[in-house]
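Record features, source Swiss-Prot:
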ACT_SITE  266  active site, proton acceptor
ACT_SITE  300  active site, nucleophile
BINDING   243, 244, 245, 246, 247, 248  NAD(+) binding site
SITE      167  site 'Transition state stabilizer'
């Protein structure tokens, strides 16, 4: 099968949507404040965006609550109508995919080809998956003791607060919206302040798709103001968040201090990628390289700790360094480039500081380790060896193109070392031995384990983490259940039914 043709990006794309979206209208912030969103390839301003804060969150939550009232238009819709709206939104994303991916590459910095073939397609898929689920939410009849008819209802949890990260802005906005709407909820979405533009473009498509006013509201703003207001709001029934573990902990605290709102968290990772000597070495080197370098290393489940058996360690390192040196970095609109910039200057500085800490603590820098150029936020693909588990680079989430390669001797040792982390989002094992593969997969403390592959996702399957990598699951029916409350009803009957 030939590779899909990638269209040209939109030249000189005008940033059209920069306002807050409440009740199907674009409005200015209550305060009148704006914030700049920056092109990470150049460091230059793309646009000024309306800066929502507590007052704007209050307005958005009120709109979502009004849309959720029992007598509201939205609540009178059939479940299949909610599915139809999600299908329509997916179709509109497909129709606008070139504009959306151009905008995402400008605002986020990821290569245009990756945006077009990956993120936009994922957004469409997740919307269509949950669109099909909307009219298939069913309860049970229960053979309870006594003269009663007993059944369950699965009801929408209510008003949802969704907070999305900057690494997959459009895809993860759609991933929050889809199950919430399928379940019958309304929501307020706050996109990451680094990358608000595709979420606001999506807002225009929400209105075009025909969603009733107030069902989906999108408020750009800063995390410590708009984000905090959303997580602490007493009229929000559930928070769904993807981002850092530190912010996830604040969300849990906010839930406990307010109304015990339901919480789903998909947080950080330090995922082990284990290579056994019987694996296909060329394949394992390439997949391990992509597992940490793709999206500039800005992936929560990136294979950031590569464990290689001692029998193939030296050759694996040699080939991995050779591959990293060949990885092309530069303008994300140039199809020859595999990596664009990191998302912003803060992230750039964090990555470079952690690289320096690795060198200081005794890790061997095999290649890379420096900023590329002085314009934009580009980092060289970097490989470290001689890393120990006590080093900061081995413990902290770098979220950049930095591969750490460890040596191991046997299965039990590598399982113990792989699990020696506070995270547990994902893991991988490469081997031709099914017994080894299953032993390792079943022993790893991770929500997802890949065998002889990496970063393979299906919306039919749940995704989420053990330990400090999160709480709850997204995708599949597990992800839908997170937006539902289960009610048990007993009806007294004259006789046993």
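Note that Cβ sites are derived from N, Cα and C of the backbone, with glycine treated the same way.
Shown are the recorded positions 167, 244, 245; of these, the residue with the fewest other Cβ atoms within 10 Å is 244. Other residues of the same chain near the NAD(+) site, with their Cβ within 8 Å of the Cβ centroid of 243, 244, 245, 246, 247, 248, are 241, 249, 250, 251, 265, 267, 268.
Around the Cβ of residue 243 (NAD(+) binding site), a 10 Å sphere holds 22 further Cβ atoms from the protein chains shown. When each of the recorded positions 246, 266 is scored by how many other Cβ atoms sit within 10 Å of its Cβ, 246 comes out lowest.
Of all Cβ atoms in the protein chains displayed, 21 besides its own lie within 10 Å of the Cβ of residue 247 (NAD(+) binding site). The DSSP secondary structure for the residue listed as 'active site, proton acceptor' is strand.
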